[in-house]
């Protein structure tokens, strides 16, 4: 498939719209609770925008294997719920006050409510998996949530630590982001009755796409504008998170530059250092380095699903991979 033949994001969304409407309806239905605060906070976060890329992968993956049932909708919903719950917990841990262009749930409702409703959404996800009556998917999801939690703890340990290695950083990306993308593709393949090779292909697609997606997010933290990004530019540095662009700039800078970045990571919270850090990144092409790594991962995602039968849904998955590294939000 040539780059000029790629589908636009609007075309992909139009193709997936019948399924995604059902996913969105299911998300809202599953947030129902006799406890009013659960619904209020749940609706607040799920209606706050977001790319819905994980459920999109699930419905496109199932369709790419010719599946027309409803279990792919359940897969898409439970994957989005795990992601949503992790965001609620993330924002509390990071003390974030802005996401997707508006106040975070913890800023609006408080930390305790965010953590507890996050727990509710996590457990609701497991109820949804139980509906699929697939021990394999349950096992995959249980492992993924455990890996995600490990990634959260590892990232917490990395905060304010300039000695974080690139390998360590990439493990965190896999645990926190790529693993759940994997689940979206793999679970969809299982409910669609795909072969082992097709299941592996869609699992690999998810892993590579998830890695590319997070790498781009880390680049955008330094190169986007606040309105497009939907959060404060430079949040990672302010939070003392050593992401790939920072690690690259520190490794390639001179002693004075490396010391400045080390201090910025160790101290965190110093937004006034951003301009200096950006200048160092620009000099050493650190953002380009991270973006090129993202493009390599996106290409691996495309190559992974070469074995899938030709269809507009396969084209959509291919296009989605390329589009994920060609965005400013």
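Each Cβ is built from the backbone N, Cα and C atoms, and glycine gets one as well.
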Looking at Swiss-Prot, which one out of 83, 248 binds isopentenyl diphosphate in the same site as 51, 54, 100?
83
At the Cα level, what's the spacing in Å between residue 176 (all-trans-polyprenyl diphosphate binding site) and residue 54 (isopentenyl diphosphate binding site), rounded?
13
Distance [Cα-Cα, Å, rounded] between residue 177 (all-trans-polyprenyl diphosphate binding site) and residue 51 (isopentenyl diphosphate binding site):
14
Could you work out which of the binding-site residues (54, 83, 100, 176) has its C-beta surrounded by the smallest number of other C-beta atoms within 10 A?
100
By a 10 A CB contact count over all chains shown, which of the binding-site residues listed here is most packed: 51, 99?
99
What whole-number Å value do you get for the CA-CA distance of residue 100 (isopentenyl diphosphate binding site) and residue 94 (Mg(2+) 1 binding site)?
15
